[in-house]
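Q: Below is the structure I would like to discuss, written out as structure tokens.
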Amino acid sequence: MLREMLGCCKVYISEARNKTALEAIERALKPFPPAAIVNKFEDAAYGRVGYTVVSSLANGSSSSLKNAVFAMVKTALDTINLELHCGSHPRLGVVDHICFHPLSQTSIEQVSSVANSLAMDIGSILRVPTYLYGAAEKEQCTLDSIRRKLGYFKANREGHEWAGGFDLEMVPLKPDAGPQEVSKAKGVVAVGACGWVSNYNVPVMSNDLKAVRRIARKTSERGGGLASVQTMALVHGEGVIEVACNLLNPSQVGGDEVQGLIERLGREEGLLVGKGYYTDYTPDQIVERYMDLLNNS
């Protein structure tokens, strides 16, 4: 039964260089078994780390997952100052994005309930403007739409980087939880629930951001490309720009299809395209890793 009643939460934090802060965030989860971190993906160029947290939701108990993630969020807000942060990946806050996914036989309603409860606590206790999206929000609004309204995709520093604290003293979009006043040092948080999303990034060996943006645009559903694919072109170190892809329906459109299209578009632009990579495991691999962690603990 345990194997069939698991919830997954991905927590994206705007930091990758401050090891002391990251270690504190990881320690914060430990008092809440059976919650466990099954994957950590750090990217120094982006100034971003993604944690994949899994816990049992059996017998109606979701407190372990919620409490573990809340502790990680609180520690991140206590140890990281957005005003000192810079990176080539957009962000709206210290804790930029939290997404819950059902694993195995767990329902989207179960993880949506956890997401909603967590968001209310972040807003009311930590006093950070918090936005709900996907199945956790009554209108089913998308993460993309919230980000666009809050200016997520507009870099604010030369070199196509995002740097410093949140630009506004008041958020222009009323949050689902928390105040409209926003701390420059903390920013805002988006919390949602949805089916599985895979992140697949493809490096293009170029400094021509306009050309890679054309490739990214033509790859995305929004630009007439692949269904259920969202993309951004992001500088990723010297001489490399990545087409960062969200695969919203990876069972239908996966990394191989994305890779093939970007390679073809790259040839049309006269650019060399490298082999892409996933930033996380598949749901089945995550369940397997979690069960191994439990059995070996």
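Cβ atoms are placed via backbone N, Cα and C, with glycine included.
Copied straight from Swiss-Prot:
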- His89: active site, for formimidoyltransferase activity (ACT_SITE)
- Gly178, Pro179, Gln180, Glu181, Val182, Ser183, Lys184, Ala185, Lys186, Gly187: folate binding site (BINDING)
- 2-196: region 'Formiminotransferase N-subdomain' (REGION)
Q: About how far apart, in whole Å, are the alpha carbons (Cα) of the residue listed as 'active site, for formimidoyltransferase activity' and Gln180 (folate binding site)?
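A: Roughly 24 Å, rounded to the nearest whole number.
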Q: Given the recorded positions His89, Gly178, Lys184, Lys186, which one's Cβ is surrounded by the fewest other Cβ atoms within 10 Å?
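A: Least crowded of the recorded positions His89, Gly178, Lys184, Lys186, by Cβ count within 10 Å, is Lys184.
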Q: Within 10 Å of the Cβ of Val182 (folate binding site), how many other Cβ atoms can be counted across all chains shown?
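A: There are 24 such Cβ atoms around Val182 (folate binding site).
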Q: Name, in the order they occur in the sequence, the residues of the same chain whose CB lies under 8 A from the CB of Gln180 (folate binding site) and which sit 6 or more residues away.
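A: Looking at Cβ-Cβ distances below 8 Å from Gln180 (folate binding site), excluding near sequence neighbours, one finds Pro129, Met170, Val171, Lys174.
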